[in-house]
Structures are given as C-alpha cells and as structure tokens.
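Report on one structure; see the data block that follows.
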C-alpha cells in the first residue's frame with residue numbers, strides 16, 4: 001500500500017504530470033459544465049413551449065370559434081412536439097445542435113413539415129461541440145500520451161533504468177507506475193463527469209458503463225503507448241509516433257471513412273421526397289374531388305361513411321389529399337431513412353476497430369443524441385401526427401362543430417391518447 | 001559513525017596473505033556470497049565471458065579490474081539476472097540469478113557508475129522511495145542516520161537532488177544500500193569522477209560496509225582505486241580472470257609491479 | 001554558398017535521412033491529394049445535383065396547368081443553393097446548412113436537408129478537404145519535422161561549436177527557417193494542384209483565390225516560425241515537442257470548439273417556435289386579416305375604396321381578394337425580415353466573438369478567412385437566405401397581383417359548379433415568372449470579408465517574427 005502512495009507522490013512531484021492531470025480535470029469539468037448548460041438551455045426552451053403554445057392556440061381558437069369549422073381549426077393549429085434531452089445528453093450533445101428538438105406540426109401533409117430544422121449558427125456547429133465526449137475521445141488520448149510516452153524510456157534517459165531493474169520486483173514497478181498514472185488520469189477525467197451525471201440524474205448502470213468505456217479507451221491508448229515503447233526508441237520519438245497515431249486514429253481515418261461511407265451508401269436527397277409529395281398533393285386540384293375521396297376512403301374505410309362532398313370547398317377533401325400525398329411517398333421515405341440508418345450502421349461497426357469512433361458512437365447512443373434517437377423522435381412525431389389527424393377527422397368527416405372548448409381535447413405530445 | 005545493524009552473514013575469516021599466483025579456476029568457497037564458476041556467456045557470436053570464475057565472501061572487497069570490453073559489465077549483469085550464462089554457474093548467496101532474479105536481487109545492493117536518482121525528490125525522499133521499492137521500508141530516523149553515516153551534510157537531507165554533486169548522490173545511494181542490509185554490494189566504477197577527497201570518504205565508507213560482513217564486488221578500470229580499497233584484485237581479460245592478487249602487509253599491493261606487468265594490457269586508464 | 005543555405009541544406013539532409021519524417025511527408029502529400037480529389041468530385045457532384053434539382057423544380061413550376069394564382073402561392077417553389085467552385089477547396093458550412101428551401105405564401109420555411117443530418121455520423125469528426133488538411137494536419141507535420149531543429153543542437157551541445165565555426169546565430173535561425181519553410185511549401189503544393197482544377201471554373205475569381213493562397217502561406221509560415229521559436233527557447237527536444245503539441249492541440253483542436261460554446265452563451269438565438277409565435281403575435285397586433293373587425297384591414301378597405309372612388313368591394317375594377325393577399329403578404333414579409341435580421345445579427349455577433357477568440361488561435365482566424373474568401377461561410381449562407389426571401393416575396397406578390405388583376409372578384413368568391421374553372425388563369429403565366437438565380441458575392445466582397453482574419457494572421461506573423469529576432473539575439477549567449 002505504501003508503495004502505491006510512494007508512486008503517486010513521485011508522479012505528482014513531476015511538474016509535467018501534475019499540470020497534465022490538473023488540466024485534464026479542468027477540461028473535463030469545463031466540458032461537463034458546458035454540456036449541462038446546453039442541456040439546461042434545451043430544457044428551458046422546451047419548458048417555454050407550453051406558454052407560447054397556449055398564447056398561439058388561444059388566438060387560433062378565438063378565430064375558429066366564430067365559424068366552429070373543424071377544418072380551419074386543423075389548418076391553423078400548430079401543435080408542438082419536443083425531444084427532451086436524456087439525463088446523459090450533457091455528456092454527448094451529438095446531433096442535438098443541428099437537428100431540431102422542438103418542432104410544431106399541423107395535421108396537414110407531414111412530409112412537408114418533418115424535415116424542417118431549427119435556427120442554429122452553422123459556423124458554430126462546424127467545429128463540433130465542446131462536450132465530455134469530445135474531451136474523452138479527442139483530448140484524453142493526448143493526455144495519456146503525455147503521461148505514458150516516457151514511462152520506461154524516461155527512466156532510461158535519466159540513467160535510472162538499470163538501478164531500478166536491479167531492484168527486486170522490477171516488473172511490478174512498471175505495472176504500479178502505469179496503474180497510478182492510469183488511475184489518476186481516469187480520475188481527473190471521470191470525476192467531473194460523475195458529478196455532472198449525479199446532478200443530471202443519470203442511472204448508476206449508465207454511469208458505470210461510461211466509466212468502464214472511458215477506462216477501456218484510456219487503456220487502449222496506454223497499450224498503444226506500451227507497444228510504441230517496445231520499439232525501443234527514445235521518449236521524443238515515442239511522443240512523435242504516438243501523436244502521429246492519434247492524428248490518424250482520431251482525425252484522418254474518421255474523416256476518410258465518412259467520405260467512403262457516403263460514397264458507398266448513396267442516399268437520395270431528402271428534397272426529392274418533398275418535391276414528389278408536393279406534386280402529388282397539388283395534383284388533387286386537377287382531378288375530380290370525388291376521385292380523391294374514393295381513393296382516400298379505400299385506404300381509410302373508417303371515414304367512408306362520411307357525407308358526400310358539398311358543392312362548396314370542404315376541408316375534409318383538402319386534408320384527404322394531403323394525407324394521400326404523404327402516403328404516395330412512403331416508399332421514398334422508407335428508402336431515405338434506411339439509407340441514413342445504413343450509413344450510421346457502417347460508421348458504428350467501424351467503431352469496433354476504431355476506438356475513437358466506437359466510443360463516440362456508444363456515448364451518443366447512451367445519451368440518446370445519435371441518429372437513432374433523431375429517427376425515434378421522428379417516429380414519435382409521426383405517431384403524434386396520426387393522432388392529430390384522427391382527432392380532427394373526427395370533427396371534419398362527421399361535420400361536428402369545433403368550438404373553443406374542443407381545442408383542449410386535442411392530443412398532446414407525450415401524453416397518452418385521449419379517446 | 002552510527003551503529004548499523006549486523007549483516008545476516010556471519011563474519012568470515014579474513015583472508016591470509018597468499019602469494020601472488022595464477023589462478024585458472026577459483027575453488028568454490030562455501031562461504032562465498034558471490035560465486036561465479038567457469039561461466040561462458042556470449043552475445044550471438046561474440047564471446048564475452050570465457051570461463052570466468054571468481055568468488056567473493058562476506059566481509060571482503062573484491063575489485064574486478066579490466067579494460068573496455070573485458071566483460072566487467074556483463075559480469076554484473078549476470079549477477080543481477082539481466083543475462084543468463086551459457087555454461088557454468090552463477091550464484092548469489094546460493095541463488096541462481098537467472099532462475100530467480102528477484103531472489104538474487106533481494107540480496108544485492110547495486111550502485112551503477114552514474115548514480116541517477118529522482119531529481120525532484122529530496123535526499124530523504126529518494127531513500128524513502130527506493131527502500132520502499134526494494135521491499136525494506138525504513139523510518140525517517142533510520143534514513144537520516146544512514147545518510148549521516150554515508151557522510152552527507154545535514155542541510156542536504158531535505159534538499160532536492162537537482163543541485164547535488166556526483167559524490168553527494170553516491171552517498172545517498174550508499175545510505176540506501178546500507179539500510180537495505182543486504183549481504184552483497186555491487187559497485188560499477190564507484191570512484192570515477194569523484195574528487196580525491198570524495199574518493200577517500202568513499203573508501204572509508206566501503207571498509208565500514210565490509211567490516212559489517214558484506215561481500216563487496218566492484219568493477220573498475222582504475223588500478224589505483226582498486227588497490228586503495230580492495231582485499232583482492234582480479235584481472236579480467238578476454239572474459240576470464242588472468243591473475244588474482246590478495247592484499248598483503250601494510251603496503252597491501254605492489255602497485256608499481258602490477259602496473260608494470262599489466263600496463264601493456266591496457267588495464268589502467 | 002552562404003551560411004544560411006548551408007545550414008538549411010544540412011537540416012533538409014537530416015530530414016531526408018529520417019525515414020519516419022519522409023514517410024510522414026509522403027503520407028501527408030497523399031492525404032492532401034486524396035482530399036483534393038474527393039473534395040473536388042464531391043463539389044462537382046453536389047453542384048451538378050443541385051443544378052439538376054433546380055432545373056427539375058423550375059420545370060415542375062412552369063409545367064403547372066391553368067390554376068388559380070393563389071393555388072400557385074401554395075404550390076410554391078423549391079430553390080437550391082448552388083455551390084461555388086471554391087467550395088471544392090473549403091466547403092465551409094455547406095454541409096451544416098440546409099441547401100434547399102421551399103418557398104410559399106405566408107410562410108418562411110427553413111433551409112432543409114443539410115448534409116450534416118444526412119451523411120454518416122462521422123462527419124462530426126471533421127471533413128476531409130484540402131482546407132482541413134492544411135489547417136489541422138500540416139502544422140502537426142511541421143512540428144514533427146521541426147521541433148528538434150534548434151533544440152537538438154542545444155541538447156547535444158553542438159550549437160556552440162557551430163557558432164564558434166563562424167555561423168552567426170542569425171544564419172543558423174534563418175537556415176532552419178528556410179529548411180522548414182521549404183517543407184511547408186512542399187506540403188502546400190498538392191493543395192495548389194486542387195486550385196488549378198478550380199481556377200478554370202466560372203465564379204472562381206482571382207482575388208479570393210489569391211487571398212486564400214496568401215492566408216494559407218501566412219498560416220504555414222506562422223507555424224514554421226512557432227516551431228522554430230519553441231525549438232530555440234527550450235533546452236530539450238522532448239520539451240520542445242510536448243510544448244508544440246500542446247500549442248497545436250489548444251489552438252487547432254480545443255479553442256475552435258470552446259469558442260462556439262462561449263459565443264452560444266453570449267448571444268443566445270431564439271428558437272423557431274418562439275420566433276413563429278412572436279411573428280403571429282405581432283401580426284395580430286399589426287393587422288389580422290381573419291378578423292372582420294380588424295382596424296388595420298378596415299382602414300385598408302376604406303382607403304382602397306376611396307382610391308377607386310367606389311363604395312363596395314364588388315365595384316372595384318380589381319379583385320379585392322388579391323389586394324388583401326398583397327397587403328397581408330407585405331405585412332408578414334416585413335415581420336419575417338425583422339425577425340430574420342434579429343437572428344442574423346445575433347449570429348453575426350456570435351461569429352464576431354469567435355473571430356475575437358481567433359486573436360489567440362491562428363487556426364480560427366485562418367478558418368474564417370478561408371471560408372470568407374471561398375464564400376462558404378455564414379455570410380454566404382445568409383446571402384442565400386436573404387435572396388431566397390426576396391425572391392419568395394417577389395414571386396408571391398406577382399402571383400397575388402395576378403389574382404388581383406386577372407381573376408375577377410365575382411369569380412373568386414363564387415362557389416357554383418363552374419366557378420373552379422372560371423377562377424383559373426392560363427398556364428403561360430407561370431412561365432413568365434422569373435426564375436431564382438443566386439447571385440454569389442463578387443470578388444471584392446469576398447476579399448473584403450476575408451481581410452479581418454488575414455489581418456490577425458499578419459499580426460501573428462509580426463509577433464512571432466519579432467520573438468524570433470529577440471530569441472536569435474539571445475541564442476548561444478545564454479548557454
């Protein structure tokens with residue numbers, strides 16, 4: 001036990017090591033704080049939705065209440081959806097800075113709405129976020145290199161190696177030293193994260209998993225440093241070699257793989273879906289309205305007993321062709337989504353051989369900030385949109401008046417469906 | 001001079017004055033702490049040790065004298081278990097270092113030619129750390145005592161080593177060696193680079209160590225420093241002892257005669 | 001041969017003998033070439049795809065049948081942001097912004113389908129472009145090749161003898177700078193080949209390209225200076241390497257990520273929901289066309305009737321519904337412009353703050369200069385958004401005017417069986433409407449936008465140059 005204390009004291013007496021450990025802890029703490037602030041901002045934005053929405057829908061209700069027309073209610077009412085950050089989101093912001101986490105939808109064609117973005121500054125998004133995953137994936141290896149590149153070669157260069165080797169239990173010495181460096185580095189990295197995780201209410205299991213992942217990732221770099229050290233070059237050559245490896249593993253290969261994956265899995269531009277959907281929607285104005293209704297009732301028999309269309313404009317026809325427009329591009333939507341998922345899947349499987357990519361993928365998965373989480377949010381929006389349609393159709397197709405009070409019965413995102 | 005706990009080995013008899021003689025092989029001595037018997041060792045095709053035999057008993061200082069490439073460092077490496085002999089026998093207190101390096105190293109204190117310690121630790125901290133490392137932790141009082149015994153000035157105890165001279169560093173290392181209370185002390189060119197005063201201090205210290213029953217093996221290329229301190233001197237050449245002389249009388253060694261005989265063999269620096 | 005070139009030759013010979021160094025240079029050259037080729041084909045592919053999509057959208061718009069103009073207002077139009085030729089060198093924010101936009105009446109949509117949400121998640125690790133290679137990777141190579149330039153001599157004690165042989169400190173430092181500088185030149189060559197590919201294209205102006213060359217030259221020269229300087233100030237090679245790696249990690253990797261975090265915090269952006277709700281609120285206050293008692297529209301009606309000297313809208317020579325649409329669109333558009341200006345101002349303030357942080361990170365300054373000159377920065381995107389909104393407004397108002405002038409009020413309000421046919425105007429109207437054409441920034445504007453970053457880089461060059469002069473004076477004397 002005292003030996004461990006001795007090694008710790010010896011390490012902390014080295015100015016370089018102490019500075020590295022303190023800097024690691026500071027960077028980790030800053031990243032955790034930045035991540036938590038961002039998540040708090042997102043929570044606040046989501047919390048502010050209700051008040052803004054109440055004001056907006058109140059105005060629509062005032063207007064609609066004059067005619068009690070369900071179609072106008074459906075047409076003018078935007079309904080908010082949101083994707084609350086998971087407790088762990090602070091550690092890996094992932095795609096949450098470029099993909100919207102609040103989106104309002106109407107009961108109209110969803111394909112023209114679901115790809116909308118939120119306001120963000122692309123120049124700020126370009127370099128990537130400063131969050132815990134960045135500190136872990138990009139910076140921690142540099143600190144591991146700083147602490148481990150001269151583990152043995154440093155003693156050799158200082159002329160102590162032979163003396164140390166002549167001590168009984170020489171091999172355990174290197175193990176102890178490596179463990180002390182590893183434990184302190186991991187501590188500097190992970191303690192700020194654990195504090196943030198506890199404050200954010202992250203589950204013990206997830207916390208433990210991330211500690212293990214961080215430890216394994218550091219061990220990967222320590223192992224790499226050990227391999228490089230076995231080449232028997234000096235500390236300087238070791239540091240240069242390791243920094244070169246870092247550049248390849250963390251920057252060059254992932255960017256190269258991105259190009260390769262995007263080439264290998266062509267994904268039709270999403271804009272093609274929007275264009276096709278618009279053509280289908282607006283084509284309805286050129287064909288007899290009854291034709292549209294016949295097609296709609298064929299696939300939605302539950303509304304088929306609705307009274308025939310009147311001479312004048314009726315919203316149920318309008319909404320019917322919007323829905324048919326959505327359904328006409330369902331295949332394209334599926335293909336588009338599968339393409340995105342395939343790209344992400346290849347990138348994730350690359351993570352099995354490229355730890356930097358693997359750790360990033362795992363963190364964003366655990367934090368629910370990856371593509372899968374985005375798509376899951378879109379699924380929830382789609383489900384909610386289905387509820388919205390059902391709700392308004394119940395008035396439109398049955399010609400029930402839609403009064404001010406009915407606005408309160410509209411489905412709410414995230415709440416169980418009111419029958 | 002402070003009392004240093006008795007070494008584990010019983011005090012062996014002092015070697016009597018024996019005439020100078022050529023020794024092909026040293027007879028294995030049961031009291032030998034260090035035993036090297038007919039050792040062959042080569043790095044690839046390069047034969048370094050070529051039937052080397054020597055033994056050092058407790059309470060004896062043996063100087064192994066040789067030129068560059070004579071096999072001095074390899075001899076120490078074999079005793080420390082860094083290299084394995086191709087043939088012959090190496091034993092430290094009966095333990096084969098090649099088979100049980102930790103066992104052998106537990107009996108050995110080793111001072112390399114350039115004593116390099118931790119520059120950012122103080123003398124006491126260095127000793128504290130190295131003693132813990134070798135499995136023989138000692139209290140501060142004992143460390144201070146040993147540093148004093150090694151001749152380090154009191155004000156240097158808690159100074160960082162960064163400003164120490166070579167002699168001061170060596171004193172710290174010797175204090176550690178004393179405190180470890182091991183039966184064997186291996187020294188690699190201990191007096192090279194020391195000024196005359198420091199050399200004299202060192203020799204005094206070494207005799208004190210010997211008198212506590214420690215077997216001391218020093219390798220050097222400097223006949224004068226060997227003659228100053230050794231009880232026996234072995235002349236190493238081509239990987240074997242070509243001659244062994246034992247100290248005799250007040251003059252101890254016939255330094256002039258030895259130099260005359262070995263000057264041509266490029267022993268002296 | 002002068003002492004300077006002798007020392008430079010010696011240094012270069014040493015690098016050539018270092019197998020690791022040679023491998024690294026070769027790898028970097030290959031990497032740059034790969035980046036040039038992929039970036040070039042990527043840009044060509046995107047430019048072609050967007051042009052094709054635009055043609056398709058234009059065709060769809062013009063192929064519309066006879067329609068009521070208001071149907072066309074809702075049919076809307078898709079426009080695509082074209083990608084300039086310099087994006088092949090530095091695509092900037094292109095992947096992070098939506099590049100297609102749906103324009104329609106009453107609404108201002110976002111630019112959608114940015115690559116960042118469509119490509120593999122690895123895009124967040126960075127993009128393999130010549131700009132990325134020169135900004136991030138090239139300095140690291142210069143560090144590897146140059147950290148020992150002077151520190152090696154100091155550590156081995158060969159500096160003094162060199163100076164005793166008559167080499168002045170100035171000659172030594174200049175020689176080392178020359179050697180490392182030629183390596184920097186070598187690294188930059190492949191990227192310049194990419195430039196040759198770009199130069200032939202329309203829209204590739206000489207001014208911005210020269211600015212980019214100048215900026216990258218200054219940046220690499222800066223690193224050559226920094227590497228040599230640190231190598232002079234530090235006693236040991238390893239310390240020089242670690243110090244330089246730390247400088248690189250902080251300025252190239254860390255600060256570019258921390259700066260946006262600070263900017264985000266300093267100038268928060270309103271999200272779209274809040275903006276939309278605020279616009280709706282303002283609109284209700286300004287004039288609510290849905291409210292029959294709205295004072296603004298009551299006033300509008302009175303003024304219109306007075307202007308034409310009639311008492312009923314039915315008697316107007318033009319379609320009052322068209323006039324209402326014109327007025328309504330004018331109101332909303334003014335609000336769109338107001339809120340967009342607010343958001344743009346916040347984003348510009350954010351970018352300016354990042355630029356200020358660029359004072360301590362030449363990598364940020366270079367990135368901003370490079371994107372600005374290539375026209376792929378936020379300003380480039382803003383140009384697109386503003387032109388898109390101007391075009392949207394113009395298009396919608398033309399359609400509203402058509403409704404006012406080509407559709408009668410009686411037909412427009414009729415609901416009989418034949419009304420639908422009478423409301424429609426002929427399809428050739430759509431073909432007469434102007435197409436969207438993005439006007440990219442001119443060379444002067446691009447160069448002007450890149451000047452602040454260029455000034456920062458120049459300032460850095462001056463500072464490092466002065467530090468080198470000072471350090472040269474002390475070289476050898478101290479040791």
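In case you wondered, yes, glycine gets a Cβ from its N, Cα and C as well.
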**OP:** If TrEMBL is the reference, give me the range from C:91-110, C:111-130, C:131-150 marked as transmembrane segment.
**Re:** C:131-150
**OP:** Quick one: sort out which of C:430-450, C:451-471 is the transmembrane segment according to TrEMBL.
**Re:** C:451-471
Original post:
Do you know which of C:60-84, C:210-234 TrEMBL annotates as transmembrane segment?
Top reply: C:210-234
Original post:
Can you say which of C:241-259, C:260-278 is given as transmembrane segment in TrEMBL?
Top reply: C:241-259
**OP:** Give me the stretch from C:20-40, C:241-259, C:451-471 with the greatest number of Cβ pairs under 8 Å to the transmembrane segment (C:210-234).
**Re:** C:451-471
Original post:
Near the transmembrane segment (C:241-259), which residues from the same chain, at least 6 beyond its ends, have a CB less than 8 A from one of its CBs?
Top reply: 135-136, 139-140, 143, 147-148, 226-227, 230, 234, 353-354, 357-358, 360-364, 367
